[in-house]
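Trainee: Dropping the structure in here first, questions after.
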């Protein structure tokens, strides 16, 4: 089997983990204590779900996951929560002191103490796999554990499991709302350190999700639970093809092959449709054409940026539910004609489609309506460079005054790492710019020399 191991790091990673495993359990008919419910045999017509769950001798299903935080409170909620019996106690790892929003604490001082234990637990999980295909790593860019510890973990996973894929689900600091002043520092340091270790990183921007909750779901004051349930739907759509049989089965490496044209350009933009509340869904016919079209609306995106200003390099449409290839082809043809979608000239075809016949599941009492079909679009577009530019600008404002830098240096970091990381991100912005320029322009330039 092609198993995937999920690693949830820091508060954001663990809380998203809660939402995701709650949803996965519902989708596979697994109850809170890990046993199969009455519907399970109907849903899991084969054993594809074992990519995410392992089965014990007495019929319990245990997530192939590890939750790590350098301070105990968030993971303690899992230990005492509804799904406390789902996880093996050793899968929930906590330290005693937190990283205090400081990358250097997560990566050097505090993180160093936990890393071997975490790798040891991950090793136990990988030993139980017959054909490990890779890791899914959930974390935030802004927190100390999410940024520092994750980048340390990624480095070590690369050492221990060289060729295995590592996909990240990363929470990008929102342009307006911020949970920590030093988010830009942490984000840029972690991006620099993990850039060469991550194969593909799906970024989710808190503010974009706040807006979706307000606009599409009519939630006036969205809580983290609202945000995480929405994020878990996206994670579920991306991983559905690994957990269910479909007409087009995508494994982790297939994502990279289709979405990542150059190793560094591995930040696809995620869009999901339909995001709609139950009251509205009742009055709308969400046809394949409609949901496909709404994927190209900037306000269904998980990161604030405008694809109309950028060019697409690749585009993956992952449909689930009552969808047939004919409808999809018609919908995509319509979009190609009417939308202002610009592909880079060196990548003419552009659309890859996956269809999964398992309809989307919703958490009972959640915000999303139960729909017959949904689509998740992963597109690699040069527009996402806007997100980096925003972050770099904030970094520059603080770093020009060397504000807060002493906290990092005090934890054993060198100031040179800041400028090194910043240069790497400047190079990343440049890479995006170059990828978007047309190839025939470059040919003409070459003749002058």
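Glycine too: its Cβ is placed from the backbone N, Cα and C atoms.
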Trainee: Which of 35, 38, 179, 253 does Swiss-Prot put in the same GTP site as 11, 71, 140, 144, 145, 206, 228?
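Mentor: Swiss-Prot lists 11, 71, 140, 144, 145, 206, 228 binding GTP, and from 35, 38, 179, 253 it also lists 179.
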Trainee: Among 1-4, 5-8, where does Swiss-Prot put the label motif 'MREC motif'?
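Mentor: From Swiss-Prot, the annotated motif 'MREC motif' range turns out to be 1-4.
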Trainee: Suppose we draw a 10 Å sphere around the Cβ of residue 206 (GTP binding site). How many other Cβ atoms does it contain, all chains included?
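Mentor: A count of 25.
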Trainee: Can you check which residue among the binding-site residues 140, 228 has the largest number of Cβ atoms within 10 Å of its own?
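Mentor: Max Cβ neighbours within 10 Å, all protein chains included: 140.
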Trainee: At a 10 Å cut-off from the C-beta of residue 254 (active site), count the other C-beta atoms across all protein chains.
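Mentor: The answer is 17.
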Trainee: Between the Cα atoms of residue 11 (GTP binding site) and residue 254 (active site), what distance do you get, rounded to the nearest Å?
Mentor: 30
Trainee: List, in sequence order, the same-chain residues at least six positions removed whose CB sits under 8 Å from that of residue 144 (GTP binding site)?
Mentor: 10, 70, 98, 99, 100, 101, 102, 103, 105, 106, 186
